C-alpha cells in the first residue's frame, strides 16, 4: 500500500504556496514516496475537487477573516472563515469525518489563542529533572484592560516584574495579532496600542539568540537565529516610551557589538535532549503533524523557555534536502495512520 500514489490537495495563501513550491515541496509528479500535489481552488466547484484528492494539506489561518477576541476561541466558535474554507470545514465535519486532513481543524485552533498556548506549555514543566535545565513557559497574565488599579497587584501575584512583553491574546489570522510592545514601567500602559484582551509575559534576557524548532512528522530540526537584545539595551534605546513592534516585520534585533558582548558572557548552551523530549510530548498532546516552536535559554538560570508555538511554519531554515523528504514522509505517515484507525 505504501507505494500507491496519493493525491494531496493543498489550500493556503498564494505567497505561502509560492514559497513552498519554489523549494520543490509540491511536485506535480510523484515524490519519492508517491505523493502528487494539486492546488485546491475556492473559486471552482469544491465537491468535485475534493473527490480527486486523498489528503488535504491546509493553512487554515490564511483563510480567517476575523476572530471575536471576547469569545473563548474553541473551534469553530468565535472564528469567521472565508466562504471557501467554511465550505471545506462544514463539508468535512459532516460528510467525511474519516478523511485525512493535515491537520484537523480542532487540533489547530488552540494555537490561535495565546492563553491556550500558555496552558499547553505550562503542562510541559513536569519534564525537568535533576542535573538538567528547567524547561518552562514564560510567566504570564491575561488582562482585559491596561488601566485597572489592580494591575500592579495582579502582576505580583503572577510572579511578573518589568520589563514585560505585551501580546494580543489572538495569536494569528487577524491583522493586528502580531502588534506587540515591550513595557518597562507601569505608567507606559496608559496609551498602549496593543489590542485587548492581551497577554503580559516576562521578557527573558537570552543573549539575543533564539532556537527555532520544527517538528515535521517524527523528525525534529532546529536552527539558531539572532534575536532581540537584552532588556537593558532595549531600554536605553526606547527612552521613556514602550517599545512597539510587529513581530513579523520589525522585531528589534541585536547589533554586532551587542552580539559580541553576549558571546563573551554566554555560558549557557541549549540542551537538545530536553527540547526534543518536549517536542515529542507536544506532538502527542497537540495531535499535529507539522508545527514549530521557539526556545530561548535564559541568562543566569539557564532555563529553557518556550516562547512561541505555531502550525505549519515555513521551516525555511531547514535545508531542502532534509526538509522535503521529512515533509513528504510526515504527510504519508499521517494518511497511513488515519487509514489504519478507520479500518480497525
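Cβ coordinates are placed from backbone N, Cα and C, and glycine is handled just like the others.
A quick note: this is a predicted structure, and the numbers were derived from the prediction, not measured.
Taken from TrEMBL, the feature ATP binding site applies to 114, 167, 201-212, 227. Residues annotated as domain 'Inositol 1,3,4-trisphosphate 5/6-kinase ATP-grasp' in TrEMBL: 135-322. As annotated by TrEMBL, 1D-myo-inositol 1,3,4-trisphosphate binding site applies to 178, 212, 310, 314. Per TrEMBL, Mg(2+) 1 binding site is recorded for 294, 308. Summarising the annotation, TrEMBL assigns Mg(2+) 2 binding site to 308, 310.
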**Complete:** Record-annotated 1D-myo-inositol 1,3,4-trisphosphate contacts 178, 212, 310, 314; largest Cα to Cα distance in whole Å is 18
**Asked** Around residue 314 (1D-myo-inositol 1,3,4-trisphosphate binding site), how many other CB atoms lie within 10 A of its CB?
**Response** 15
**Item:** Cα-to-Cα gap, residue 294 (Mg(2+) 1 binding site) vs residue 114 (ATP binding site), nearest whole Å
**Value:** 14
**Request:** Within 10 Å of the Cβ of residue 114 (ATP binding site), how many other Cβ atoms can you find? Include all protein chains, please.
**Result:** 23
**Asked** If you measure from the Cα of residue 227 (ATP binding site), which of the binding-site residues 178, 308, 314 is the nearest?
**Response** 308
**Fill in**
Nearest by Cα to residue 114 (ATP binding site), of the binding-site residues 212, 308, 314, is 308
**Integer Cα-Cα distance in angstrom, residue 178 (1D-myo-inositol 1,3,4-trisphosphate binding site) to residue 308 (Mg(2+) 1 binding site)** = 12
**Complete:** Rounded to a whole number of Å, the separation of the Cα atoms of residue 211 (ATP binding site) and residue 310 (1D-myo-inositol 1,3,4-trisphosphate binding site) comes to 14
**Message:** Please report the Cα separation of residue 310 (1D-myo-inositol 1,3,4-trisphosphate binding site) and residue 209 (ATP binding site) in Å, rounded to an integer.
**Reply:** 19
**Asked** CB neighbours of residue 310 (1D-myo-inositol 1,3,4-trisphosphate binding site) within 10 A?
**Response** 17
